[in-house]
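Lifted from TrEMBL, the feature list:
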BINDING   Thr119, Asp193, Glu218, Lys248, Asp252  substrate binding site
BINDING   Gly284, Glu285, Val286, Gly287, Lys288, Gly289, Glu305, Asn408  NAD(+) binding site
COMPBIAS  18-27  compositional bias 'Basic residues'
COMPBIAS  28-47  compositional bias 'Low complexity'
DOMAIN    253-414  domain 'S-adenosyl-L-homocysteine hydrolase NAD binding'
REGION    13-68  region 'Disordered'
Amino acid sequence: VATWDIQFAEQKQEFNKRPSKIGRRSLSRSISQSSTDSYSSAASYTDSSDDETSPRDKQQKNSKGNGDFCIKNIKQADFGRREIEIAEQEMPALMALRKRAQGEKPLAGAKVVGCTHITAQTAVLMETLSALGAQCRWAACNIYSTQNEVAAALAEGGFSVFAWKGESEDDFWWCIDRCVNVEGWQPNMILDDGGDLTHWIYKKYPSMFKKIKGIVEESVTGVHRLYQLSKAGKLCVPAMNVNDSVTKQKFDNLYCCRESILDGYKRTTDVMFGGKQVVVCGYGEVGKGCCAALKAMGSIVYVTEIDPICALQACMDGFRLVKLNEVIRQVDIVITCTGNKNVVVREHLDRMKNGCIVCNMGHSNTEIDVASLRTPELTWERVRSQVDHVIWPDGKRIVLLAEGRLLNLSCSTVPTFVLSITATTQALALIELYNAPEGRYKQDVYLLPKKMDEYVASLHLPTFDAHLTELTDEQAKYLGLNKNGPFKPNYYRYADVPFNPCLLHHDFIL
């Protein structure tokens, strides 16, 4: 597959306006409110509270004397390196791209500024981009998802990383600014998760877009914001929508969350799922994964939905479709994964029974109205890391996980193999935008072609010793296909992948 030369047709789609943020530090602009968006594993094995000194107040250097980074503790680098080496074993496609780069450097001269979750899996991506010829500067898109030991390993390896677990709101934006605003270095590519990096450059350093060749965005929220800019005629450079690629939607969201939802709950609460009544708000890819896992564990699962198609899918999968108000008094667990705001509000929280566990599996912290719980009559009690009891005057308490932020990023880990799929798609999108001849892409948002999705999938098949069947010439002619793909039309809807009508309007040139 000539992955470097894939062309994309113009993609235009309107999305709902991005919800406005609400106050206080809890609303870190990790804020990508995608329920379909999670590129990262999360829990750092080192507690961010072990040293109260802010990394911004420390002067640290790696073993080579380089101090162009800001992390928790450079001494954790060896531990972080072992984490990265473990991740490499489950990320076969990225390792394959590295081998290919021995003879060619498709990102030579690229200066990539990134804002994603900084985990062992992200480190493999960053080191792959470096092997492909790119220079990288990186910040975190979520204040809780950084693995401190991995950030240390990256800093020791010469990467300019600005992130640590437990950043404040001010720290969050400071780190992004340190990545962007540096003398003698200007980015020409953006890799974003949530749109905050793009927003910061657009707001503070708009002149930088004169040298930026493109943006790669993997989150629902970030994609929404790009389409808004495009619609308003304010998008300055081409952008790739990685979020709506099949490999991202299907694997990163459904299969990943099907496993990580249980992991996050077990690590934080030790809860037993058998017999528990659970309401899952949203039956998109993330919701489907969560519901499947909980049902398999013996939970009684209810679903809320606004989309009649997803609602019908939930019913056909054996789940009862309800309104949240109908079950809020009886359920033991509430999970949000809609990508919306104020899905669970104070009225719902007041009506929950004692001991109800509340968490969010969407990318943003806007789904649960946590700000409404910061009132004098309610008492907050930290039970363990990322677990709070919120206590009402009558003694009732609910268990709030990760202050309403993404559970699997903040409290557990995400399967590395799934992240390999997303990271490979991001790398290929960067390569395509960076190497595209002038004029191929306009100042608009483009969707990845089916052929690239198939290529990413094919790179992961050897892990399973899987053997693809090849079409004969006669069969290919009968189906009207190229023997090497793509094998499905752009409007084909893979099982359980919600249909995106924008796919009907693509005419990819391969």
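Each residue, glycine too, has its Cβ placed from N, Cα and C.
In TrEMBL, annotation is done automatically, which means it is predicted and not curated.
Here the features listed in TrEMBL are painted onto the structure.
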residue: Thr119; record: substrate binding site; Cβ neighbours (10 Å): 29
residue: Asp193; record: substrate binding site; Cβ neighbours (10 Å): 33
residue: Glu218; record: substrate binding site; Cβ neighbours (10 Å): 31
residue: Lys248; record: substrate binding site; Cβ neighbours (10 Å): 26
residue: Asp252; record: substrate binding site; Cβ neighbours (10 Å): 30
residue: Gly284; record: NAD(+) binding site; Cβ neighbours (10 Å): 26
residue: Val286; record: NAD(+) binding site; Cβ neighbours (10 Å): 33
residue: Gly289; record: NAD(+) binding site; Cβ neighbours (10 Å): 23
residue: Glu305; record: NAD(+) binding site; Cβ neighbours (10 Å): 23
residue: Asn408; record: NAD(+) binding site; Cβ neighbours (10 Å): 29
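Glu305 (NAD(+) binding site) sits 24 Å from Glu218 (substrate binding site), taking the Cα positions as reference. The two recorded residues Asp252 (substrate binding site) and Asn408 (NAD(+) binding site) have their Cα atoms spaced 12 Å from each other. The two recorded residues, Lys288 (NAD(+) binding site) and Thr119 (substrate binding site), show a Cα separation of 25 Å. Per-residue pLDDT, averaged across the domain 'S-adenosyl-L-homocysteine hydrolase NAD binding' (253-414), gives 94. Looking only at Cα atoms, Gly287 (NAD(+) binding site) sits nearest to Lys248 among the binding-site residues Thr119, Asp193, Glu218, Lys248.
Neighbour count (other Cβ atoms within 10 Å of the Cβ, all protein chains): 27 for Glu285 (NAD(+) binding site).
Looking at Gly287, Lys288, the binding-site residues in this record, the fewest other C-beta atoms within 10 angstroms of the C-beta turn up around Lys288. Cα of Val286 (NAD(+) binding site) to Cα of Lys248 (substrate binding site): a span of 12 Å. The binding-site residues shown are Thr119, Glu218, Lys248; of these, the one with its CA atom nearest the CA of Asn408 (NAD(+) binding site) is Thr119. Among the binding-site residues Gly284, Glu285, Gly289, the residue whose Cα lies closest in space to that of Lys248 (substrate binding site) is Glu285. Nearest Cα neighbour of Gly284 (NAD(+) binding site) among the listed binding-site residues (Thr119, Asp193, Glu218): Glu218.
Across the structure, Gly289 (NAD(+) binding site) and Thr119 (substrate binding site) place their CA atoms 22 angstrom apart.
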